[in-house]
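Q: Starting off with a structure, shown below.
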Amino acid sequence: MLKFEILATDTSSHARRGKLTLNHGVVQTPIFMPVGTYGTVKGVMPRSLREMGAQIILGNTFHLWMRPGLDVMQSFGGLHGFEQWDKPILTDSGGFQVWSLGSMRKITEEGVHFASPVNGDKLFMSPEVSMQIQTTLNSDIVMQLDECTPYETNGHKTTEAEARKSMEMSRRWAVRSKNEFERLGNPNALFGIVQGGMYKNLRQESLEALVEMDFPGYAVGGVSVGEPKDEMLDIMAHTPHRLPAHKPRYLMGVGTPEDLVEGVAQGVDMFDCVMPTRNARNGTLFTRYGDLKIRNARHKTDHQPLDPSCTCHACAGTEGVSWNDGGRGGFSRAYLHHLDRCGEMLGPMLTTIHNLHYYLNLMREVREALDAGQFGAFRARFKAERARGV
């Protein structure tokens, strides 16, 4: 089940404010979706995700199929019961992970033959198998199996002919995914994925074919796969706003805070990316005034929080805690620097909470700006503040 309502639009861009109703709850859009690859957003309790405003999270079809396996998932009634998350979940199709295996896989019209990265077993993923796995996971949004068109093929930029071959296979797999999804009687929502590499004419062909299939929602895939930023932005400016206005639009695997705000301006409703969690574990933190490298020696004695304007547990602490010097109960940059240098577990937990809070709060501010008819002003202010530097 999926219902999508447009609540407001921006007159200076393609941005829109929406409300997405799914089987496990309502999602206010535009939204960022934290990535929970193995059934967990790394280092963060489900309760903390809810507290920071997460409305929908991702699960990884491929990895959950590998471990713990479908028998375990079925015994819990799906992914929600397994990971104790009562809000909506989106699962990818497994196509990107299979594509990432490189020489360990062979793609044919029927599907993908590959060796399990866990134990080396020979396995097969097809559109039908992907739909069966995602039906067992009982995710609210299911993604068609597609072939992620790479930016480079055999050491050269993917040619238009190579991108066409890949896009047309994804289009045929979309038909098979939809047929199997309907045969299984899956009560959730299936999204089609626009492919075509960096070629706008192929993107348009893919888009038109998928729209004819009448999916409940659509995604733009095959971006942020190694291409230069200007080419990614070019596709982002071309494709999303051409998708049906009355259906949700999802930009897969993107990206930086700047990418999210520009994506919203191009008509995107949904985003996911591992960047906030991965960067947190590697010591890069996002703030209102730019990115901060907590490993830099200059933070060794810094008493400031990561971001004085942030209300996450890392920056503001827990309610009711303060210090005699008037400071808040949050953690200093010096303390987070110390945890990182010592390899303490608490370090990446706190930085992950901060980065996710930043992303989710950014989308909340975007929604509020759209509600107020002020998205253009917000967009300009956001750019200026991020460019200022920490």
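Here the Cβ of each residue, glycine as well, is placed from N, Cα and C on the backbone.
As listed in Swiss-Prot for this protein:
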- ASP92, SER93, GLY94, GLY95, PHE96, ASP146, GLN195, GLY222: substrate binding site (BINDING)
- ASP92: active site, proton acceptor (ACT_SITE)
- 253-259: region 'RNA binding' (REGION)
- ASP272: active site, nucleophile (ACT_SITE)
- 277-281: region 'RNA binding' (REGION)
- CYS310, CYS312, CYS315, HIS354: Zn(2+) binding site (BINDING)
Q: Let's see if you can do this one: DSSP helix, strand and coil counts over the region 'RNA binding' (253-259), in that order.
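A: Taking the region 'RNA binding' (253-259) as a whole: 3 helix, 0 strand, 4 coil.
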Q: DSSP says what for the region 'RNA binding' (277-281): how many helix, strand, coil residues?
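A: Counts, helix then strand then coil: 5 helix, 0 strand, 0 coil.
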Q: Could you check which of the recorded positions ASP272, CYS310, CYS312, CYS315 is the closest Cα neighbour of SER93 (substrate binding site)?
A: ASP272
Q: Between GLY94, GLY222, which of the binding-site residues has its C-beta surrounded by the fewest other C-beta atoms within 10 Å?
A: GLY94
Q: ASP92 (substrate binding site) to CYS310 (Zn(2+) binding site): how many Å between their Cα atoms?
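A: Computed Cα spacing between ASP92 (substrate binding site) and CYS310 (Zn(2+) binding site) is 31 Å.
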Q: Apart from its near flanks, which chain residues at least 6 from the ends of the region 'RNA binding' (253-259) lie with a Cβ under 8 angstroms of it?
A: 96, 221, 223-225, 232, 236, 271-273, 275, 286, 358-359, 362, 382-383, 386
Q: When the Cα-Cα distance from ASP272 (active site, nucleophile) is computed for each of the binding-site residues GLY94, ASP146, CYS312, which gives the smallest value?
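A: Spatially nearest to ASP272 (active site, nucleophile) by Cα position is GLY94.
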Q: Going by C-alpha distance, which of the binding-site residues CYS310, CYS312, CYS315, HIS354 is nearest to PHE96 (substrate binding site)?
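A: For PHE96 (substrate binding site), the spatially nearest of the binding-site residues is HIS354.
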Q: State the count of C-beta atoms found within 10 angstroms of the C-beta of SER93 (substrate binding site), not counting that atom itself.
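A: Cβ-Cβ neighbours of SER93 (substrate binding site) within 10 Å number 30.
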Q: With the cut-off set at 10 Å between Cβ atoms, which of these binding-site residues ends up with the most neighbours? Options: CYS312, CYS315.
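A: Most Cβ neighbours within 10 Å: CYS315.
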Q: Go through ASP92, ASP272, the listed recorded positions, and name the one with the sparsest Cβ surroundings, counting other Cβ atoms within 10 Å.
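A: Output over recorded positions ASP92, ASP272: least Cβ neighbours within 10 Å is ASP272.
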